[in-house]
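Novice: This is the structure I want to talk about, given as structure tokens.
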Amino acid sequence: MFNPAILVLADGSTFYGKSIGYQAVSAYSIGEVVFNTAMTGYQEILTDPSYAKQIVTLTYPHIGNTGTNDEDNESNQIYASGLIIRDLPLLHSNFRATSSLSDYLIQHNIIAIADIDTRRLTRILRETGSQAGCIYIPNENESLAQAVEKAQDLAKSFGSMAGKDLAKEVTCQHRYEWQEGIWHLPTNNAGKPFNLQTTPTFHVVAYDFGIKQNILRMLAERGCKITVVPAQTSAEDILALNPDGIFLSNGPGDPEPCTYAIQSIRQLLNTQKPIFGICLGHQLLGLAVGAKTRKMAFGHHGANHPVQDLKTEHVLITSQNHGFEIDEYSLPENVIVTHRSLFDNSVQGIELTNQVAFSFQGHPEANPGPQDVAYLFDKFINAVQATKA
């Protein structure tokens with residue numbers, strides 16, 4: 001039995017639906033409401049730390065068809081503050097499924113709403129930009145008008161993502177090592193779905209600003225021993241680990257308040273060790289070389305974003321998840337733009353001309369989405385190999 005639920009945006013836009021997650025009356029969740037156009041991958045989206053403090057609207061109408069499983073998580077918990085969908089199927093079916101989407105949300109105490117007009121909501125967000133919002137489960141002692149007013153007040157209390165340093169909130173507390181490679185279908189019941197890299201060739205230190213596990217798997221699959229370190233790790237501590245290369249991960253929030261990371265990256269750039277950044281790591285690399293970042297109106301969230309590699313002129317379909325971008329006109333002379341969005345011409349990749357350091361705004365590791373940009377991992381490994389030789 002699903003309880004009634006409402007979604008109210010900070011501007012007062014109101015939607016009525018049913019609660020498909022955590023069911024307690026008077027429960028609520030607040031965050032920045034964004035929309036994602038991916039047709040699949042809802043479990044990966046929910047567990048992506050980049051969605052911390054965000055309520056995710058999935059524009060594809062049928063969500064939950066394949067249930068959830070124990071292998072598709074991108075972290076050890078759900079980081080999205082809430083989920084908004086149009087229709088939740090009554091049945092789920094997939095040979096890997098261990099739970100329904102609703103049961104998965106309830107298990108993790110995540111508030112979610114279904115049966116609302118997600119097309120109307122998406123149009124509002126496109127026209128006004130991302131807004132704070134609140135999913136609220138009314139109680140029987142309050143009128144609907146009272147519930148809406150309360151939810152709007154809660155939404156307004158969230159404020160803006162600008163100025164929020166969320167990397168410190170989602171990062172690991174202690175460094176750890178990673179050896180697990182990419183997923184594959186086991187050939188028998190005793191097989192393991194993930195390869196273990198037992199004879200690594202390179203040592204990469206990865207900053208965890210909210211790192212997705214498939215990024216680590218892509219590096220491990222290419223022969224890397226990965227040491228994952230907390231976001232506030234100093235450059236001196238990084239160098240003490242004697243890495244062959246340095247990776248700057250994805251993550252949530254505004255990059256500008258992450259001054260600790262920007263300072264460390266600046267120092268690491270002086271070492272000539274290869275550096276590769278993704279998403280938030282891309283923005284932090286830009287800030288470290290003197291560029292500026294800015295908040296986007298509604299960001300890029302989806303698995304079908306066309307991006308052009310300016311060197312090869314190839315068009316790549318990419319997975320995207322970010323609400324901030326590098327201001328191209330603030331880039332210094334020693335930085336070139338390598339990739340550009342074909343949706344809005346925003347900067348999607350940069351590279352330093354005087355050392356081995358480059359980054360990409362989207363997600364070459366996908367999960368969910370295409371792997372057209374996975375070659376950037378190979379580029380990083382080739383740079384590590386050349387530097388080590």
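Placed from the backbone N, Cα and C atoms, the Cβ positions cover glycine too.
Taken from Swiss-Prot, the feature active site, nucleophile covers C279, and the record attributes it to sequence analysis. Summarising the annotation, Swiss-Prot assigns active site to H363, E365 and lists sequence analysis as the type of evidence. Among the features that Swiss-Prot reports, L-glutamine binding site is placed at S50, G251, G253, L280, Q283, N321, G323, F324, with the record citing sequence analysis. As annotated by Swiss-Prot, domain 'Glutamine amidotransferase type-1' applies to 203-389, with the evidence given as sequence analysis. Marked as region 'CPSase' by Swiss-Prot: 1-199.
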Novice: Measuring Cα to Cα, tell me the gap between C279 (active site, nucleophile) and F324 (L-glutamine binding site) in whole angstrom.
Specialist: 9
Novice: Check E365 (active site) against DSSP and tell me helix, strand or coil, would you?
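Specialist: For E365 (active site) - judged by DSSP and reduced to three states - the answer is coil.
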Novice: Using a Cβ-Cβ cut-off under 8 angstroms and a sequence gap of six or more, which residues of the chain neighbour F324 (L-glutamine binding site)?
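Specialist: D254, P255, Q283, T293, R294, K295, M296, G299 - these are the non-local Cβ neighbours of F324 (L-glutamine binding site), listed in sequence order.
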Novice: Have a look at the binding-site residues (G251, G253, G323) and report the one with the fewest Cβ neighbours inside 10 Å.
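Specialist: Candidates: the binding-site residues G251, G253, G323. Fewest Cβ atoms within 10 Å: G323.
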Novice: Are there residues of the same chain, six or more positions away from H363 (active site), whose CB falls under 8 angstroms from its CB, and which are they?
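Specialist: In sequence order, K212, N250, I278, C279, T318, S319, Q320, N321, G369, V373 meet the Cβ cut-off.
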Novice: If you pair up every Cα among S50, G251, G253, L280, Q283, N321, G323, F324, the residues annotated as binding L-glutamine, what's the maximum separation in angstrom, rounded to an integer?
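Specialist: That value is 13 Å for the farthest Cα pair.
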Novice: Helix, strand or coil: which one is C279 (active site, nucleophile) in, per DSSP?
Specialist: coil
Novice: Give the three-state DSSP assignment (helix, strand or coil) for S50 (L-glutamine binding site).
Specialist: helix
Novice: Around the L-glutamine site recorded as S50, G251, G253, L280, Q283, N321, G323, F324, what other same-chain residues have a C-beta within 8 angstroms of the site's C-beta center?
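Specialist: Close Cβ neighbours, site residues excluded: G210, N250, P252, D254, P255, C279, H322.
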Novice: Could you find out if DSSP has G253 (L-glutamine binding site) as helix, strand or coil?
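Specialist: SS state of G253 (L-glutamine binding site) = coil.
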Novice: Note the mean pLDDT of the region 'CPSase' (1-199), expressed as a whole number.
Specialist: 95
Novice: Taking 10 A as the limit, how many CB atoms besides its own sit near the CB of Q283 (L-glutamine binding site)?
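Specialist: Q283 (L-glutamine binding site) is surrounded by 31 other Cβ atoms within 10 Å.
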